[in-house]
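Asker: Handing you a structure now.
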């Protein structure tokens with residue numbers, strides 16, 4: 001059976017009090033609507049239509065070709081929003097799910113189960129519900145004497161008795177697609193808001209003797225809608241807790257989960273230890289037996305088995321097996337560290353390739369460079385790579401030793417087994433097996449201060 005999805009993402013989000021389009025506010029480093037799209041796609045849906053309004057181009061820019069789009073010029077209610085997908089879906093057969101773009105915690109597993117429940121029951125519609133202690137603001141699930149759905153009533157249209165009901169509609173539905181678009185044309189806006197409500201489609205189906213199911217989830221967090229910054233922070237916390245829980249169950253030690261942020265796309269191997277205050281974002285992959293020291297930040301990087309990152313920042317970089325970084329080092333985009341490399345305190349590496357066993361232990365800048373195997377770069381060494389207009393490359397061969405306080409003025413090549421004396425400013429290439437000294441000779445005047 002074909003499956004389709006409609007993501008409702010046209011709301012202005014005035015309660016966010018933001019210039020940013022509501023569904024583009026981020027949870028765990030990713031726009032809310034992108035979380036929703038990934039869960040929808042993961043549930044086995046064949047085609048997705050996202051309903052957009054003001055800020056449509058921004059949403060399209062994030063979701064790209066993963067979705068089709070329909071524009072809702074006026075926000076006249078959820079049924080009206082769904083009807084905007086008519087040109088894409090009206091003639092389709094199968095099941096269509098409707099999901100709100102501000103529910104970033106919904107999982108593909110719950111959507112899969114909702115669809116399966118709906119199709120197994122041969123229902124025309126199924127609503128995802130949950131029981132919560134404080135149902136204010138949600139539509140209530142009103143059941144009849146036999147316990148089946150009678151109707152869904154919105155908060156502003158509910159009687160006091162209905163407001164006392166704690167089973168709520170999540171705003172997530174599964175429909176027989178043909179039935180959905182037939183009934184949408186019959187929805188009226190005679191309610192307190194003057195809007196066209198999608199839950200009224202369920203009442204129309206019931207009035208015609210159709211089957212409407214309720215599938216209740218036990219995970220209330222999943223259906224949390226985000227309407228303001230307070231709810232955004234709650235969703236962030238819930239996502240963080242869920243992600244950290246997943247990694248811990250898969251063999252990762254997270255010493256203080258409450259202070260540790262790990263993005264949803266991060267991969268971490270077993271027996272890795274994450275210390276307090278760490279942030280790991282983007283498409284980062286961390287191997288086994290790694291230690292990520294407290295207050296480190298890692299973005300879109302690869303850390304191989306046995307490496308150790310201590311109180312450092314790693315952006316768009318790769319760190320080889322058993323390599324030590326930090327404390328207080330910065331790996332900028334393009335930094336590539338081989339195995340058994342050491343990058344020590346107050347070292348900055350940018351667009352540089354440090355081969356296996358290379359060492360840059362303290363107070364150095366290595367940019368646009370290649371450092372050979374087992375080469376030692378002394379304290380205070382600077383690759384002088386920029387002339388004000390262009391960047392130039394520094395190459396240092398293997399098994400070389402660069403003394404302290406050396407300037408390597410690019411473009412320059414230092415060969416293998418070279419010794420560069422401390423305090424030198426190197427402007428010319430140095431061949432293999434050489435000693436390079438480029439500094440003024442010391443003059444000592446005895447008794448000068450007497």
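Using the three backbone atoms N, Cα and C, a Cβ is placed for every residue, glycine included.
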Asker: Looking at Swiss-Prot, which one out of 374, 439 binds acetyl-CoA in the same site as 385, 386, 422?
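Answerer: Within the candidate list, Swiss-Prot flags 439.
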Asker: Counting by DSSP secondary structure, give me helix, strand and coil numbers for the region 'Linker' (230-250).
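Answerer: Per-class counts: 20 helix, 0 strand, 1 coil.
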Asker: So among 22, 102, 227, all listed as binding-site residues, which is physically nearest to residue 422 (acetyl-CoA binding site)? Use the C-alpha atoms.
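Answerer: Nearest in space to residue 422 (acetyl-CoA binding site), counting only the binding-site residues, is 22.
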Asker: Could you give the mean pLDDT over the region 'Linker' (230-250), rounded to a whole number?
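Answerer: Mean pLDDT, the region 'Linker' (230-250): 97.
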Asker: Return the residues near residue 10 (UDP-N-acetyl-alpha-D-glucosamine binding site), defined as same-chain residues 6+ apart in sequence whose C-beta is under 8 angstroms from its C-beta, sorted by sequence, else 'none'.
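Answerer: The list for residue 10 (UDP-N-acetyl-alpha-D-glucosamine binding site) reads 51, 52, 53, 54, 71, 72, 75, 81, 84, given in order along the sequence.
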Asker: Taking DSSP three-state, what's residue 22 (UDP-N-acetyl-alpha-D-glucosamine binding site) in: helix, strand or coil?
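Answerer: Where residue 22 (UDP-N-acetyl-alpha-D-glucosamine binding site) sits, the three-state DSSP reduction gives helix.
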Asker: Within a 10 Å radius of its Cβ, which of these binding-site residues (8, 422) has the fewest neighbouring Cβ atoms?
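Answerer: Among the binding-site residues 8, 422, the lowest count of other Cβ atoms within 10 Å belongs to 422.
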Asker: Hey, what's the Cβ neighbour count for residue 77 (UDP-N-acetyl-alpha-D-glucosamine binding site) at 10 Å?
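Answerer: Excluding its own Cβ, residue 77 (UDP-N-acetyl-alpha-D-glucosamine binding site) sees 20 Cβ atoms within 10 Å.
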Asker: Let me make sure I understand the span of the acetyl-CoA site: among 385, 386, 422, 439, what is the greatest distance between any two Cα atoms, in Å?
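Answerer: Overall maximum Cα spacing for these binding residues reaches 22 Å.
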